[in-house]
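Quick look at what TrEMBL lists:
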ACT_SITE  H704  active site, proton donor
BINDING   K19, N120, R524, C525, W570  5-methyltetrahydropteroyltri-L-glutamate binding site
BINDING   I440, G441, S442, E493, D608  L-methionine binding site
BINDING   I440, G441, S442, D608  L-homocysteine binding site
BINDING   H651, C653, E675, C736  Zn(2+) 1 binding site
BINDING   H662  Zn(2+) 2 binding site
DOMAIN    4-317  domain 'Cobalamin-independent methionine synthase MetE N-terminal'
DOMAIN    435-758  domain 'Cobalamin-independent methionine synthase MetE C-terminal/archaeal'
Amino acid sequence: MVLSSILGFPRMGANRELKKATEAYWGGKLSQADLLTEAKRLRLEHWNIQKKAGVDVIPSNDFALYDQVLTHIQDFGAAPPRYTSQNLDPVDEYFAMGRGHQKDGIDVPSLEMVKWFDSNYHYVKPTFQDGQTFKLNPNPKAVVEFLEAKEAGIVTRPVLVGPVSFLHLGKPDRDQTVAPIDLLEKLLPIYEELLTKLKDAGAEYVQIDEPTLVFDLPANTKAAFKPTYEKLAGLGDKIPKLVFATYFGDIVHNIDAIPAEIFAVHVDLVRNPEQLETVIGALGSKTVLSAGVVDGRNIWKTNLKRAIETVETAVQKLGKDRVIVATSSSLLHTPHTLASEKKLDLEIADWFSFAVEKASEVAVIAKAVTEGPAAVRAELEANAKSIQARASSTRTNDPKVKERQSKITPDFYNRKSEFPARIAQQQKNLGLPLFPTTTIGSFPQTKEIRIQRNKFTKGEITAEQYEKFIEKEIQDVVKVQEELDLDVYVHGEPERNDMVQYFGERLDGYAFTTHAWVQSYGSRCVRPPIIVGDISRPAPMTVKESKYAVSISKKPMKGMLTGPITCLRWSFPRDDVHQSVQSEQLALALRDEVVDLEAAGVFVIQVDEPALREGLPLRSGKEREAYLDWAVKSFRLSVSGVQDSTQIHSHFCYSEFQDFFHAIAALDADVLSIENSKSDAKLLKVFVDEAYPRHIGPGVYDIHSPRVPSEQEIKDRIEEMLQYLKPEQLWIDPDCGLKTRQWAETKAALTNMVNAAKFYREKYAKK
């Protein structure tokens, strides 16, 4: 019998109940007991959804109040001393590591947060000390939640981040020299203890995620897999059977690292179906294959016929008892259920499948292979009809867009002059001081903004009333920036719901949902738009608000756009057209917008590409270089239609780009801003090594945390930066947009930031 399984399920709930509960707890409006009760209710609800769908193997410990890696950090006793020394309640200590804590005399920043592989989910990075020790929590979450499900009559498969990946994804703390992988001997006994506890609790199987196997790994990390799992295998029946799970790429290049003595190996056959034959050939004589044939990263219906054929190929070589049908990865990256979408066009809705629906797809595939297609004939016929309808729909193809793409020439990718000539004209035009200050774009989105936007969406207020409200918000934001004495203003983006959704709603070729929320980090959820066809811009998207902001501003106003790669990566892209084609279409639409902004008097334009690093293929080689080639061309295509005197900015999340710095430089943006406050300033050394000639603003404080950095703290960051950057290169700005922050903390933090910048401005003016 072929079983069905899911590697993980979304946590937030159909109506983002977890988001609301955690934010209420942080705001002092919900007790800790009520928060934990709501979390337990959601877990039970999600297990029952999967059970009802017919899924055989249901995960537990995939739930987290903030992040699953952060859960492991705390359960393994790996929290840095700056948190454990504060005598915080365990729940508050957990949140302090995730988002910082500034209350009751305790002031600690959050741990670094980075993207989970090439997804838009963020995990909290394990941070290790010299002399690091580990100690298992007496009540580990994996055991607690397994027993919780068991009590409800559902026997689950607990999910753990594997020891090698946990260490490889971590880093030494500041001023520490420990190599994380060298901690494996200390960490492995914790896993042994935890696995033993799970076995004693009744767990027969445990899913142990080792996704780093898809990377090009250092030799010592790669060599760690076999001895680690041989040691665990040596425990025999003392621990559950292990399902060794990889995803987001192929493992062929690391095939010799697959443990021989392992119950099952999971591979992602959506991302890399061609690895199937090699993986099967490398399995032990009794090892089970978990075949990830239902996409855990996108929202398109699974082609059931194709998926069944893939699974049957595996069954022919291994037998039905050695194959499990599974999602390619956790469904964390997909929305909860399509059933919530009451306003979607019915033709388009028929093409989609969210987490709840994907659970049913997994079960149907397993049943079809086990019992034969006749057992699920109705489901297969309906699916085939949907697949064919999408393929033949006229809504996916626009001949005018394709014609415009065919006329792109090399000149479309280049500014009129090189940077030295441009910056001279920009300085003359803008008159900016040394260490210019700005923000990344958005200002706090207040409850009143959300209320008015909702009223406008529902038709409860007129377009004129809403426009006047937005203008008043822009006036207020401009006034605040005047009072703070920033050097380059932004209009604050009060009219925008999300930095990709807002643009998608104004472009042809997109579809939109009302409840398809996906967790990005912590309680932060996004509702990615869906690219369903060829993309074009029917009308200007941001010009009206930016032009108004220019008219009331005393200093340069920055126009804010989301770049083509980020619009692509933070949407659910088409799976029937190469992503480079979709990116080029987005770039042409944005090129029109950039030119229109300049014509409206906006001479600083920021085209954000925070997802550029995220989109980088996980392995070096031809695929990565090909991606960087079309990604860079897309950015340059979007911004190169302006005059030299117009200054082009771009923003990037995370400064881990040493491996592809040549592409960052090739973007040819006049000013880069990067998220940097939680990273070691030594990462800026690459700008020195590569003699980077243009301007850069490494973020001086973390906007993901509510804590307010002191003026001295920001001065210290600037001092570090000046070890690597020239004063005339350096801009002073926060890490990212301020949309999720409150006004009081925003004003306090920016005041300290501006004062720190003025200090250095005066200091260097005397030299």
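A Cβ is built for glycine as well, from the same backbone N, Cα and C atoms used for every other residue.
Using CA atoms as reference points, the binding-site residues K19, N120, I440 were checked against E675 (Zn(2+) 1 binding site), and the closest is I440.
The average pLDDT the prediction assigns to the domain 'Cobalamin-independent methionine synthase MetE N-terminal' (4-317) is 97. Using a 10 Å Cα-Cα cut-off from H651 (Zn(2+) 1 binding site), the binding-site residues that qualify among I440, E493, W570, H662 are I440. Across the structure, K19 (5-methyltetrahydropteroyltri-L-glutamate binding site) and the residue listed as 'active site, proton donor' place their CA atoms 15 angstrom apart. Nearest neighbour of E493 (L-methionine binding site) by Cα distance, taken over the binding-site residues W570, H662, C736: C736. Spanning the listed L-methionine site, residues I440, G441, S442, E493, D608 have a farthest Cα to Cα distance of 14 Å. Taken over all pairs of the listed 5-methyltetrahydropteroyltri-L-glutamate-binding residues (K19, N120, R524, C525, W570), the Cα spread reaches a maximum of 20 Å, rounded to the nearest whole number. Using Cα positions, the member of the recorded positions N120, R524, H704, C736 nearest to I440 (L-methionine binding site) is identified as C736. If you take the Cα of N120 (5-methyltetrahydropteroyltri-L-glutamate binding site) and the Cα of D608 (L-methionine binding site), they are about 15 angstrom apart, rounded to a whole number. Within the set of recorded positions (H651, H662, H704), the lowest number of other Cβ atoms found within 10 Å of a Cβ is recorded at H662. Of all the binding-site residues given, namely K19, G441, E493, C736, the one with the smallest number of surrounding CB atoms inside 10 A is K19. When the C-alpha distances from G441 (L-methionine binding site) to the recorded positions R524, W570, H704 are tabulated, the minimum falls on H704. Listed in sequence order, the residues T439, V490, E493, M499, M560, Q606, H651, C736, G737, K739 complete the 8 Å Cβ shell around the L-homocysteine site centroid, once I440, G441, S442, D608 themselves are left out. Take the Cα of C525 (5-methyltetrahydropteroyltri-L-glutamate binding site) and measure to each of the recorded positions D608, C653, H662, H704, C736: the nearest one is H704. In sequence order, C736 are the recorded positions from R524, W570, C653, H662, H704, C736 with a C-alpha within 10 Å of the C-alpha of S442 (L-methionine binding site).
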